[in-house]
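Each remark here refers to the structure printed beneath this line.
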Ligand code: GLN
C-alpha cells in the first residue's frame, strides 16, 4: 500500500511520520508529474487553504486530484484539507476541489478560540485527541454525509463515501487511531 501526501504547503511531514509509524509507504505530491505515480490513498494536510488551493491550481494538479478522488480514491483531509475538499465555504466565495457535500466555515472559532485542544469521541474510532489550529467547522452537511464527531455542538469530522475530513490535526498528537482508520478505508477499497 502506498499513500500520497499533498506536499505543497502546510503540515505534511507530520502525516508522513504518522504513516511511517504505521509502516505505510508514502510519497509526496509536489508537482503535476507526481500524480502519475501509483498510490492507494491521498492525504490533504492542514495549512493555509487559500495558498494550497492557489498552488495546486498553478502547478496544474487540481484537475487530476479531483478526478482521482471522484473516481473513489480514499482521502483523509485535515483542517485546510477539509476546506479544499468542501463543496461550499460559508465565508469565502471560492471553491477548490468542491467534492465533499458540506458547507464549511473557515477560521470559524475566531481569534480567541483560534487554537485549542480537546478529546472527543469519533464514530467507529473511539475517543481521540483533537488539536484545533485556526480551524474550520462544518456548518451544514448535505446529501448523506455522515457526521463523525461533534465538539461544543459544532460538527468537526465527517465522512462521505471515500472521503474522511476533519477540522482538527490528528497528525499532531501521539494517537494514530485516525490514520489507522484511514488505512482500513484504503484496505476496504482495494
Ligand atoms: N485557517 C486555515 C485556512 O483557512 C486552516 C488552518 C489549519 O489548517 N490549521 O485554510
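In case you wondered, yes, glycine gets a Cβ from its N, Cα and C as well.
Of all Cβ atoms in the protein chains displayed, 27 besides its own lie within 10 Å of the Cβ of residue 49 (L-glutamine binding site). TrEMBL lists 47, 48, 49, 106, 133, 134 with the feature L-glutamine binding site.
Under the heading active site, nucleophile, TrEMBL lists 79. The secondary structure of residue 79 (active site, nucleophile), as reduced to three states from DSSP, is coil rather than helix or strand.
Under the heading active site, charge relay system, TrEMBL lists 169 (among others). A C-beta separation below 8 Å, combined with a sequence spacing of at least six in one chain, links residue 169 (active site, charge relay system) to 11, 14, 46, 78, 79, 131, 132, 133. In the three-state DSSP scheme, residue 169 (active site, charge relay system) is classed as coil.
Proximity of residue 171 (active site, charge relay system) to non-local residues of its own chain (separation of 6 or more, Cβ distance below 8 Å) is seen for 11, 14, 15, 17, 18, 45, 46, 78, 179, given in sequence order. Taken from TrEMBL, the feature active site, charge relay system applies to 171 (among others).
Taking every pair among 47, 48, 49, 106, 133, 134, the residues recorded as binding L-glutamine, the greatest CA to CA distance is 13 Å. Proximity to ligand 1 (Cβ under 6 Å from any of its atoms) holds for these recorded positions out of 48, 79, 106, 133, 171: 48, 79, 106, 133. All chains included, 17 other C-beta atoms sit within 10 angstroms of the C-beta of residue 134 (L-glutamine binding site). Mapped onto three states, the DSSP output places residue 106 (L-glutamine binding site) in coil. Here the Cβ of residue 133 (L-glutamine binding site) has 18 other Cβ atoms within 10 Å, regardless of which shown protein chain they belong to.
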